[in-house]
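Engineer: For reference, the structure I am asking about is given below.
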Amino acid sequence: MRTAGKKAQRSCLGCREAQDQDKLVRYVLSPQGELLVDYRMRLPGRGAYTCFDPQCIFAAIKRRQFERALKWGGESLDGQTLVDSLATQVREKILNLVGIARKSNNIVSGGTLVLSSLGKNGGISLVLLAEDISAAIGQKVLDKAGVFEVPCYYLASKDELGHLVGKGERSVIGLKTGSLAESLEVELLRYKYIVGES
Ligand SMILES: [Zn+2]
């Protein structure tokens, strides 16, 4: 039960540490008895939890904690499949947030616009770079963002970034300062952590 100022806490099946539920990954069993990652915490049924650390997922499997927590007959579980599924779901959330940012007019797109918005008062507080951005433009953006301490993350291709903001190819997207940029950065950090780029 949720009381004012106190969030529900759950323990990680891997390291056993208790944390706020929204800082953990939820898992449920499908009606077919398959273990599913329920990153958005929407699926019905009894839930089990781990940290975002892939090591905790592997540890939980090794010690048969999913079976215990979900009263599950169990099958052979592949940790990497769970980690991959988690990474996919976090990436979907990231792309979804970028789409929301676009619809709510919280996006600046294109190298020139992003460069001129960096450092402006109430400007942008997060930058996304296409993985296939040209080295020269990428460096320009990284340098200027560095001066103003605006974090930059590589994500998707120019084509995908453009598609997300309803344009042609885009190699740079800036997020205007605000809560959406903050939520997006939380997810980007999680994604990097899960896929092991840091
Ligand atoms: Zn853990």
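Note that Cβ sites are derived from N, Cα and C of the backbone, with glycine treated the same way.
Those TrEMBL annotations? Automatic predictions, nothing curated.
Residues annotated as domain 'YlxR' in TrEMBL: 10-71. Taken from TrEMBL, the feature domain 'Ribosomal protein eL8/eL30/eS12/Gadd45' covers 93-173.
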Engineer: Using DSSP, how many residues of the domain 'Ribosomal protein eL8/eL30/eS12/Gadd45' (93-173) fall into helix, strand and coil, respectively?
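Structural biologist: In the domain 'Ribosomal protein eL8/eL30/eS12/Gadd45' (93-173), the DSSP-based counts are 38 helix, 14 strand, 29 coil.
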Engineer: Give the mean pLDDT for the domain 'YlxR' (10-71) on the 0 to 100 scale.
Structural biologist: 94
